[in-house]
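Reviewing the structure listed below.
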Protein chains: 2
Amino acid sequence: MTRAYNFSAGPATLPESVLQQAQAEMLEWHGAGASIVELSHRGPEFLQVAQEAEADLRRLMSIPDDYAVLFLQGGATGQQALIPLNIATPGQKADYVLTGHWGKTAIKQAKPYVDVNIAASSEAGGYRDIPARETWQLSDDAAYVHVTANETIHGVEFRDIPDVGDVPLVADFSSSIVSEPLDVSRFGVIYAGAQKNLGPVGVSVVIIRRDLLERAGQPRADIFTYASHVAKESMLNTPPTWNWYLAGLVFKWMLAQGGVDAFAELNRRKSGLLYDVIDNSGGFYRNEVDPAARSRMNVPFFLKDESLDKPFLAEAREAGLISLKGHRALGGMRASIYNAMPEAGVEALASFMRDFQQRKG
Amino acid sequence: MTRAYNFSAGPATLPESVLQQAQAEMLEWHGAGASIVELSHRGPEFLQVAQEAEADLRRLMSIPDDYAVLFLQGGATGQQALIPLNIATPGQKADYVLTGHWGKTAIKQAKPYVDVNIAASSEAGGYRDIPARETWQLSDDAAYVHVTANETIHGVEFRDIPDVGDVPLVADFSSSIVSEPLDVSRFGVIYAGAQKNLGPVGVSVVIIRRDLLERAGQPRADIFTYASHVAKESMLNTPPTWNWYLAGLVFKWMLAQGGVDAFAELNRRKSGLLYDVIDNSGGFYRNEVDPAARSRMNVPFFLKDESLDKPFLAEAREAGLISLKGHRALGGMRASIYNAMPEAGVEALASFMRDFQQRKG
């Protein structure tokens with residue numbers, strides 16, 4: 001097989017040109033005498049890579065100066081523990097809006113540290129919508145309000161930024177960061193594992209409003225302290241240099257493609273194409289999410305006849321379309337179509353789905 | 001410049017054949033239709049990579065079955081916080097033997113969680129030796145005893161395993177793991193950032209005796225819990241797949257070279273060569289570490305005439321020998337010569353040092 005269209009939810013497909021550049025530079029980076037993965041994080045070569053990556057991400061996302069940007073290890077789940085440790089006092093109330101699997105994970109990590117109030121939840125309905133803002137039961141004195149901007153497994157996405165007043169809004173953007181323009185100033189903390197829209201797994205981006213760094217938080221190790229990471233420009237300990245480098249190449253690729261405006265339009269078209277196939281299949285395919293909350297990044301769908309699941313996956317693979325199996329929590333299928341998934345890949349999948357239905361429906 | 005001999009302390013040089021394989025596989029891994037960095041960590045391809053890496057490391061280090069092996073994010077510094085969280089009760093006493101910069105870091109991370117007793121320290125003498133075991137003031141009721149097997153900056157290495165009775169011995173082996181045979185059964189926990197002897201930065205190895213996983217530890221998030229990571233085979237959240245993969249390639253390379261026995265002999269010769277040049281330089285070069293505690297991995301040295309530091313570094317670079325500048329905490333020079341540094345590289349450095357002395361001495 002040559003390179004297939006890979007619909008994996010994360011780790012996910014990367015731009016082919018980025019992989020080609022990483023391949024070309026694997027044994028030596030820009031005349032440095034060594035690979036970027038072998039060079040000191042404190043040397044001029046990696047410092048250049050690191051600084052350019054931050055500057056490019058700031059440009060891509062129009063991040064205001066009063067926000068710090070961190071490149072850290074630990075994944076989004078790690079941040080879900082660090083956030084209460086850093087911006088809530090022990091046992092303080094924190095509001096969580098639960099709209100899927102990853103919101104549940106966030107709550108699990110926070111519970112040892114804060115009094116979690118589930119301000120709203122779509123769990124009873126199987127995580128198929130976003131509870132309307134006016135139904136949320138926010139606390140008076142919460143340290144923060146936490147939302148999951150896009151639920152990767154359930155395919156449910158916030159399509160606007162909820163107003164939570166002066167309480168900092170904290171959002172897990174792991175699967176939708178840089179997929180469209182975003183008003184960063186509406187958030188206290190934005191965090192994201194890189195392995196969906198930003199690059200390779202092994203580095204996470206944390207965008208934090210600087211005043212929150214002054215909160216006392218809870219007793220914790222220095223390595224768990226955002227302010228310490230900010231003071232050392234994400235080099236409090238040795239950072240995951242290759243992962244950071246590869247994310248930086250993705251940022252440059254995004255800027256060259258026209259930035260988030262271009263990807264917003266592309267992602268609208270790509271997801272629209274798949275939802276159209278599903279909605280026009282007369283029930284052969286089905287997506288159960290409220291259309292107003294459907295994810296542009298992850299399109300979960302089910303075949304009416306489950307006995308066709310295996311042939312669907314096998315024939316898709318034959319057609320060069322891989323990683324379409326749904327998460328084990330839901331079953332069915334899932335097409336993850338982040339920025340790096342070309343429109344041609346989605347067109348090939350849409351065409352395969354129509355053809356499969358014609359032959360089996 | 002083509003590839004130089006890179007004496008960086010970490011991130012450090014990698015075996016050229018490993019980089020070549022990673023380069024060849026960068027766009028597609030073994031016919032999978034995608035790069036290993038793009039494939040799901042739960043798919044058969046990465047599971048195979050992960051399992052082989054663990055099996056190979058177990059074989060390399062003869063790790064007994066009653067030890068779990070984890071591949072985690074967070075670096076060694078992250079583990080320095082997780083260890084007290086997992087194996088000590090809040091405020092319990094823990095003994096630390098301080099023999100350099102990284103021991104100090106370990107103490108800093110642990111202090112919020114345990115009552116740190118510095119059982120022995122070589123700080124007053126500038127970290128130039130290992131305090132004799134009989135001088136250690138161990139606590140009666142310590143949760144564990146922590147040592148730094150090799151101090152990367154100060155070039156000081158334990159040359160035997162101290163007897164601490166029934167108290168678990170916890171050791172930071174970041175810079176000397178797999179450099180020689182080791183009796184793992186003498187330790188409670190061995191941890192190491194990968195970026196020196198194991199592969200790329202961004203993944204850490206934790207080898208933990210299974211009975212320690214049953215300790216209650218302290219209130220903490222699930223993502224900070226070793227037992228949870230063990231239960232999920234290091235996939236509690238998305239692991240750093242490419243970093244794990246590359247470490248796995250290094251393990252296979254090591255096994256093909258003859259394993260830790262072969263590297264022990266090679267490392268003895270390599271470090272011996274440099275210390276000989278230093279000791280036979282009539283004071284032109286100087287290493288101040290007690291010969292009985294000299295590191296086989298990191299050889300720090302000073303030029304008698306500091307004004308020659310810059311010419312030394314510049315001419316070394318011209319000769320294809322890079323990253324020899326000492327850590328800013330010490331100054332001078334440092335040659336890090338982990339497993340992946342070929343003997344020819346050390347011979348080239350030794351020859352350059354003799355020649356430089358002849359011309360400038």
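Keep in mind that glycine also has a Cβ here, set from the backbone N, Cα and C atoms.
TrEMBL lists A:Arg42 with the feature L-glutamate binding site. The pyridoxal 5'-phosphate binding site annotation in TrEMBL covers A:Ala76, A:Thr77, A:Trp102, A:Thr152, A:Asp172, A:Gln195, A:Asn237, A:Thr238. Marked as domain 'Aminotransferase class V' by TrEMBL: A:5-349. The N6-(pyridoxal phosphate)lysine annotation in TrEMBL covers A:Lys196.
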Legend entry - Arithmetic mean of per-residue pLDDT over the domain 'Aminotransferase class V' (A:5-349): 97
Inset, instruction - Take the Cβ of the residue listed as 'L-glutamate binding site' and count every other Cβ within 10 Å, whichever protein chain it belongs to. - result: 14
Inset, instruction - Could you measure between A:Trp102 (pyridoxal 5'-phosphate binding site) and the residue listed as 'N6-(pyridoxal phosphate)lysine' for me? Cα positions, answer in whole angstrom. - result: 14
Legend entry - Position of peak Cβ density within 10 Å, selected from the binding-site residues A:Thr77, A:Thr152, A:Gln195: A:Gln195
Inset, instruction - Name, in order along the sequence, the binding-site residues among A:Trp102, A:Thr152, A:Asp172, A:Asn237 with a Cβ closer than 8 Å to any chain B Cβ. - result: A:Asn237
Legend entry - Reduced DSSP assignment, A:Ala76 (pyridoxal 5'-phosphate binding site): helix
Inset, instruction - May I ask you to report the DSSP-based helix, strand or coil state of A:Asp172 (pyridoxal 5'-phosphate binding site)? - result: strand
Legend entry - Conformational class of A:Trp102 (pyridoxal 5'-phosphate binding site) under the three-state DSSP mapping: helix
Legend entry - Rounded Cα separation (Å) that holds between A:Thr152 (pyridoxal 5'-phosphate binding site) and A:Lys196 (N6-(pyridoxal phosphate)lysine): 10
Inset, instruction - Taking only the Cα atoms, work out how far A:Lys196 (N6-(pyridoxal phosphate)lysine) lies from A:Ala76 (pyridoxal 5'-phosphate binding site), in Å, as a whole number. - result: 11
Inset, instruction - Find, among the recorded positions listed as A:Ala76, A:Trp102, A:Asp172, A:Lys196, A:Thr238, the one whose Cβ has the highest number of other Cβ atoms within 10 Å in the structure shown. - result: A:Lys196
Inset, instruction - Compare all C-alpha positions of A:Ala76, A:Thr77, A:Trp102, A:Thr152, A:Asp172, A:Gln195, A:Asn237, A:Thr238, the record's pyridoxal 5'-phosphate binders, and send over the largest distance in angstrom. - result: 30
Legend entry - Inter-residue C-alpha distance, A:Asn237 (pyridoxal 5'-phosphate binding site) and A:Arg42 (L-glutamate binding site) (nearest angstrom): 11
Inset, instruction - Compute the C-alpha separation of A:Thr238 (pyridoxal 5'-phosphate binding site) from the residue listed as 'L-glutamate binding site', stating it in Å without decimals. - result: 9
